[in-house]
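Visitor: The structure is given below, and queries will be raised subsequently.
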Amino acid sequence: MAKIIADCTAVLLCGGKSSRMGFDKALLKIQGQYVILQTAEKLMELFEEVILVTNDSQKFPKAFRKCTIIQDMYLGKGPLGGIVTAMNYTQKAEVFVIACDIPTFSPKLVYQLASKRGQNQVTIFDFEGRQEPLFGFYRCSCLPTFQKQLAQNNYQVRQEFERLSVKTVQLSKENQLKNVNRKEELSQWYR
């Protein structure tokens, strides 16, 4: 399959605390396979460059070396720190951000968002009035705004969206993004 999403780096955020899960979601295995590697492999079919941003680059086994692994420059600052780290790293004009706990996404959703980007700085889904900031496209022109947020100890990705050009795309119920936060949700993950 041709990589049709050009001038964009895929960023897999895998540095969270996973406090509700009780263990690091980035190292979750189902049927003997790392879930995050399945996500990374899907992304490699869509993008020329896939990077993992993590709070501990040493925690990943050799199986993860298919991807570039970079250390989060803003430890403890949430996903926004990971996004800023990725924007500082990439040579591309844009990043596609996805959290490590959304492995069942369909590539068609990535294509759908990509087709709606236009000149917007941020393109994300909205599901029933709730924005999905950890599955979306961010132009690197957002970097100064996000760096300012971090400097002000404001770590919510959406906090400064009113200062940026943001396109939200309605997500249908059948395409709803599923993430997992607790052990008891694991059985629902792959339905």
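Even glycines carry a Cβ here, placed using N, Cα and C.
Sharing the features that TrEMBL gives for it:
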type: DOMAIN; residues: 10-152; note: domain 'MobA-like NTP transferase'
type: BINDING; residues: Leu13, Cys14, Gly15, Lys25, Asp72, Asp101; note: GTP binding site
type: BINDING; residues: Asp101; note: Mg(2+) binding site
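For each listed feature, how buried is it and what is near it?
Guide: In sequence order, Val53, Pro79, Gly82, Ile83, Val97, Ile98, Ala99, Cys100, Leu134 are the residues near Leu13 (GTP binding site), counting only same-chain partners six or more apart with C-beta under 8 A.
All chains included, 24 other C-beta atoms sit within 10 angstroms of the C-beta of Asp101 (GTP binding site).
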Visitor: Determine, from DSSP, whether Leu13 (GTP binding site) sits in helix, strand or coil.
Guide: strand
Visitor: Would you mind listing, in sequence order, the residues at least six apart from Asp72 (GTP binding site) in the same chain with a Cβ closer than 8 Å to its Cβ?
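Guide: In sequence order, the residues whose Cβ lies under 8 Å from that of Asp72 (GTP binding site) (at least 6 apart) are Gly15, Val53, Thr54, Asn55, Gly81, Gly82, Thr85.
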Visitor: Can you give the mean pLDDT for the domain 'MobA-like NTP transferase' (10-152), rounded to a whole number?
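Guide: Taking every residue of the domain 'MobA-like NTP transferase' (10-152) together, the mean pLDDT is 87.
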